[in-house]
Amino acid sequence: MSILFKIFASTLAVVSVVNAGELLNFENERDIIRGSYIVVMKDGTSSSDLKSHMNWAANVHHGNLAKQGPSRSIGFQFSFDIGGWRGYSGKFDNDTLNAIVNNAHVKYVEPDRMASATVLKIQKNAPSWGLGRISHTFRGFKNYLYHSSAGEGVLAYVVDTGIDINHPEFEGRAEWGINVVDEVDTDEHGHGTHVAGTIGSKTFGVAKKVKLVAVKALGKDSRGPDSGIIAAMDWAVKHAKERGILGKAIMNLSLTGDTATALNEAAERAVEEGLFLGVAAGNNNRDAINESPASVETVCTAGASAENDEKASFSNFGSLRTSMAAPHVCGVAALLMSSEGIKAQEACDRIKKLARPAIRNPGNSTTNKLLYNKSGF
């Protein structure tokens, strides 16, 4: 969880300045990337203000490096502008960081850290009981029933380890979008391809006509920095806007980490801009309010259930939306957006309204509702 930063080693002096930003930190420092930071500007900062600020920060950084000699501090990595939520990330020395924190245009600075894909237990060539379950009001059915529109006209951004876009299960409906984590434009892990398959493959997909876009933000170890995930969301919002499909686009985030202010705010803005966000609650068997971006109120957070309609033993819990995994939720969102013509911003409420009270022993303050695709059975 992000808290106000009080002590930053012994080398950084935090100076009190009127209207200065705040330096945040995580209670659990396990996944922090040392020396890397996300800088978020104050509300109302224009794009030209951001550009001027970054020019100023670059000059400060270069000046400090010149005084200190060779350094690993490399400066800027990404810049963000999601519906007016603006900022940037980079690696900075302590003197530069101190100057940035105390700049009047800065809202806060948060250490960058590594987020991880939620673990998937994959049984190869196994029948998907989940498809049968979400299309029936009672368990025990194996057939999958769904509206014939099958998500046609909806675009799904899969922010993950990439997608094997040439896999025959995707029937040419998958395309490569952007890679913000490494130089390898393919899925070296398999997590992203599995997630994409659950959303929209011809055999195991919930929405079998949805188009899929690979947005690679996690590497072959299924981990990636928050800054890259934010950059991926920023790219997806702009891409959807350029294609004129805001309101008809969804984003799956089957990844998690401790609560992070910047990542949560970026997710909020992506929803405000017109994307449906389906997010994994996490696999740590704890309240999802402690996870990002699962703790964001406006995203559709999904926990996992078992075949007997009980909460899966590994799934997180809390007062956060329907059960079943995030890719299933994204698939149902695509179905409803295609068949009913609803907008992305309406899809989560529609999903919650359709969901059935079927989950047994869901956990503290947790919904007992199970995902349902409105098949009529």
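Using the three backbone atoms N, Cα and C, a Cβ is placed for every residue, glycine included.
Some features that Swiss-Prot has for this protein:
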type	residues	note
ACT_SITE	Asp160	active site, charge relay system
ACT_SITE	His191	active site, charge relay system
ACT_SITE	Ser323	active site, charge relay system
DOMAIN	36-114	domain 'Inhibitor I9'
DOMAIN	128-377	domain 'Peptidase S8'
CARBOHYD	Asn252	N-linked glycosylation site
CARBOHYD	Asn364	N-linked glycosylation site
CARBOHYD	Asn373	N-linked glycosylation site
SIGNAL	1-20	signal peptide
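Under the DSSP three-state reduction, Asp160 (active site, charge relay system) is assigned to strand.
Averaged across the domain 'Inhibitor I9' (36-114), pLDDT in this predicted model comes to 92. Proximity note: of the listed recorded positions (Asp160, His191, Asn373), Asp160 have a CA within 10 Å of the CA of Asn252 (N-linked glycosylation site), given in sequence order. Look at Asn373 (N-linked glycosylation site): DSSP puts it in coil. Secondary structure of the domain 'Inhibitor I9' (36-114) per DSSP, as helix, strand and coil residue counts: 30 helix, 30 strand, 19 coil. Asn252 (N-linked glycosylation site) falls within a strand when secondary structure is assigned with DSSP. Taking only the Cα positions, the spacing between His191 (active site, charge relay system) and Asp160 (active site, charge relay system) is 7 angstrom. Counting only the Cα atoms, the space from Asn373 (N-linked glycosylation site) to Asp160 (active site, charge relay system) is about 24 angstrom.
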